[in-house]
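Taken straight from TrEMBL:
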- B:GLY164, B:HIS165, B:SER166, B:ILE230: NADP(+) binding site (BINDING)
- B:9-119: domain 'Tetrahydrofolate dehydrogenase/cyclohydrolase catalytic' (DOMAIN)
- B:138-284: domain 'Tetrahydrofolate dehydrogenase/cyclohydrolase NAD(P)-binding' (DOMAIN)
Protein chains: 2
Amino acid sequence: MKQDPRLLLGKPVQERILAEVRGITNSAGRIGKLVSISIGDVPEVAVYVRNQARAAAAVDLPFDQEFWGGEVTQEECKARIQEMNDDPEVLGIILQRPVPSHINVRSLQSAIHPLKDVEGMNPASIGNIVYNDVAMAPCTAAAAVELVRATGLNMEGLEVVMVGHSEIVGKPAAMMLMAEGATVTVCHHLTRSVAMHSRRADVIVVAVGKAHLIGPDMVKPGAAVIDIGINQRVHPDGTTEIVGDVDTDAVKEVAGWITPVPGGVGPVTVAILMRNAIRAYERQQAAGWRS
Amino acid sequence: MKQDPRLLLGKPVQERILAEVRGITNSAGRIGKLVSISIGDVPEVAVYVRNQARAAAAVDLPFDQEFWGGEVTQEECKARIQEMNDDPEVLGIILQRPVPSHINVRSLQSAIHPLKDVEGMNPASIGNIVYNDVAMAPCTAAAAVELVRATGLNMEGLEVVMVGHSEIVGKPAAMMLMAEGATVTVCHHLTRSVAMHSRRADVIVVAVGKAHLIGPDMVKPGAAVIDIGINQRVHPDGTTEIVGDVDTDAVKEVAGWITPVPGGVGPVTVAILMRNAIRAYERQQAAGWRS
């Protein structure tokens, strides 16, 4: 069966980015390793880590997996991260989420040196985005921007409606799209009418975490719809299904482009993580950390 | 003559904030001093510094003025700022702008320790705003938010259109208003039609630097208009006048509230700087820098 041309797939974008990254890792010398930290036993983390490890292998980046027991203290975590900050072998640090409830994840993210913050989660990294320095942006936000770019739409003057204003997706994506010239409206749970905004948008980016929040009546014909949501649905027969924040099948009949879930933003996100690793390498070089 | 009730004046808001700050400085012990740094000879800086010194005096905060010659190097500036970071007598550092062209102001702002960054200009401070930690926000952005609050409008669901997307005003103000529950659209020079957005807004915040950009045809009846622009107009007879980005007299006939220029955002901005100084004090205490 021929692929529906309205579906904006993540795979080709992922492959293009990974090929660029591999070109750089293969010509660079010793580049160091990525370290993934999982704290406690969280089943959903295993999937992320496996995808990241696979992408790292595809671009010839060493990828270490650290598993810290659920009883580790905040202070121990911080001390170990600080050791990694000082270790020249460590190129970048990935702190898998969620973490156990006694761990303050924000504080640990702040402990990761900005030059090793390949996930772009340190407040200093986020602050740089406000200053239009988007080199190491949060991966999901950057993936959404890459997918908008993949439509070929001219970003300048583009009317974008971002639904969801989280710190790690909605707000940074909004600022990155502004930096490209888009006019961005950020809607959220207190917005009077999301539809009033989404219906006039050239591009809708949704990151809320509510299955099928966006239906066809909320989308302008021909618009691009980037769906960042990942929601698990349990059917009456007990089977489960992963769906996005957009009612993909219905919205597909209206939209010009729509990213499927799974297979849209996700594959691009992990590629961006690898691209951030290269940018970390370049910044560490520029800072005199590497020769 | 009675004051036009549609004019949203900065003075009462300034006085309220300064009174709060004075209450804290007078009950705190040794609180340290603010240091203002002016580099080179820039006439417009003198006005800012004078207003800041006056506000500091009103809240009993010591205010030192440093004047560094125009020939000072970037490295010298950085070294002196780092000394101030280490000096327990220095509560906060204010880097006056503009600076001579050979000085990289962004890099100096980054050199100011976030806990002494009373202007809220360090990328780490800006990043904290994305994370809804608005304790030390850029002063002008925070002043705009205070003036919106002064209208008494309910922030939750409020439709705000921000015109201008600068790093130190537009973007941080947009994020702070989002944090309060507003739905925010950020327009800028690439926006197809600012009027299309501004006409549906409950609140318009303008920070562009174009005299009388916003006319009465761009404002919804009853809306609040916060004018951050400061533009010098030269009349044919050679006299000059300071005007905002809004055609105040004309828009006043449509708007529910409008901040005058001068006398609107400006007086609040300097009060916010003093409030940031108190927050710096509290954070330095919490960090164990002060007893």
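Every residue gets a Cβ built from N, Cα and C, even glycine.
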DSSP output for B:HIS165 (NADP(+) binding site) maps to coil
Record-annotated NADP(+) contacts B:GLY164, B:HIS165, B:SER166, B:ILE230; largest Cα to Cα distance in whole Å is 16
For the binding-site residues B:GLY164, B:SER166, B:ILE230, proximity to chain A (Cβ under 8 Å) holds for none
Long-range Cβ list for B:HIS165 (NADP(+) binding site), cut-off under 8 Å, min separation 6+ in sequence, same chain only, gives B:LYS171, B:ALA174, B:VAL186, B:CYS187, B:HIS188
Reduced DSSP state (H/G/I helix, E/B strand, rest coil) at B:ILE230 (NADP(+) binding site) is coil
Secondary structure split (DSSP) over the domain 'Tetrahydrofolate dehydrogenase/cyclohydrolase catalytic' (B:9-119) reads 57 helix, 19 strand, 35 coil
Cβ atoms other than its own within 10 Å of the Cβ of B:GLY164 (NADP(+) binding site), all chains, total 24
DSSP composition of the domain 'Tetrahydrofolate dehydrogenase/cyclohydrolase NAD(P)-binding' (B:138-284), residue counts helix/strand/coil, works out to 54 helix, 30 strand, 63 coil
Taken over the domain 'Tetrahydrofolate dehydrogenase/cyclohydrolase catalytic' (B:9-119), the predicted model's pLDDT averages 95
